[in-house]
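Below is one structure, written out as structure tokens, with a few remarks after it.
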Amino acid sequence: RPYLGQGGHAYLQEWLWWAGLLCMGVGEAANFAAYAFAPATLVTPLGALSVLVSAVLSSTFLNEQLNVHGKIGCILSILGSTVMVIHAPQEEEVSSLESMAEKLKDPGFIVFAVCVLVSSLLLIFVAGPRYGQSNVLVYVLVCSAIGSLSVSCVKGLGIALKELFSGKPILKEPLGWVLLVCLVICISIQINYLNKALDIFNTSVVTPIYYVLFTTAVMMCSAILFKEWQHMVLDNIIGTISGFLTIVSGIFLLHAFRDMPFTPNLLPLFLQQGRTDLHSLWRSADRHQSCQHQPLLPSEEKGSQSAEEEEEEEGESV
């Protein structure tokens, strides 16, 4: 369309844009509800399925090419998500804002939150001006660290909403409002520095790195705050970690090799050699097969030529 890429607001007149915005709002509301009813260690890694669905829908409706690496990445993401659901941890029961306040006062979480805030300030004011334009990890680390705190705020607000719907006077509780203000600040910082990272670096580089770092930070924060890993047996721990690493591998294949066409020249040398030998074998077999049928016609021609020569010799002798 003529107004695209001009920096205006003509897209506000498009019903498709409003439909997409509505769908995004519904999806974020569902994600918000999931944090209220399920462990963050389970909900956050399953966000990889949104990347998978986006890749499939883009390939279907936007005619974007999904190469072999992307298809393998989708399969790995599904397998990893399934493994994580099977071995999902159980968080400690938090049914009220009072119990949430007790968990927020835990010394382990306070130390974690202080470390996150201090490291984020150092990245923003010290490392950002020096290395932000050349190192993708600077701004992505800020988004991931602050994002772990935003997930904790979302968990607390989800508990507050459940109490509000049950009829409790939760609006008078100051903790709910504090969590709401902290959530707005954390999301604003995330959006700001994620947009900076996407503006400087390629999306195929930022997306998998951000997913891995953000999910790792959320899992650490959730394990410290809600003690999700405290009562897990060894096989569930191994299954959760294996599922997460499988999802990471799938996301990496889906994004890192998005624009790389898969051709036989990309195969390893021994496979290319085997392919060449097989091709030459087929050609030699074809030539051998054709040679087996060739003597029939020349023999007949040779016989006819010898007969004609004998007739000519007889005529000369006569």
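Cβ from N, Cα, C; glycine included.
According to TrEMBL, the features are:
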| type | residues | note |
| --- | --- | --- |
| COMPBIAS | 307-318 | compositional bias 'Acidic residues' |
| REGION | 289-318 | region 'Disordered' |
| TRANSMEM | 15-35 | transmembrane segment |
| TRANSMEM | 42-62 | transmembrane segment |
| TRANSMEM | 109-130 | transmembrane segment |
| TRANSMEM | 136-154 | transmembrane segment |
| TRANSMEM | 175-193 | transmembrane segment |
| TRANSMEM | 205-225 | transmembrane segment |
| TRANSMEM | 237-257 | transmembrane segment |
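Non-local neighbours of the transmembrane segment (136-154) in the same chain are 32, 35-36, 40, 44, 104, 113, 116, 119-120, 123-124, 127-128, 179-180, 182-183, 186-187, 189-190, 193-194, 196-197, 200-201, 205-206, 209-210, 213-214, 216-218, 220-222, 225; each lies 6+ residues outside the stretch with a CB under 8 Å from one of its CB atoms.
Two recorded stretches are said to be in contact when at least 3 C-beta pairs lie under 8 angstroms, sequence spacing 6 or more; the transmembrane segment (42-62) and the transmembrane segment (175-193) fall short of this definition. Of the Cβ pairs linking the transmembrane segment (109-130) with the transmembrane segment (205-225) and spaced 6 or more residues apart, 3 or more are under 8 Å, so the two regions touch.
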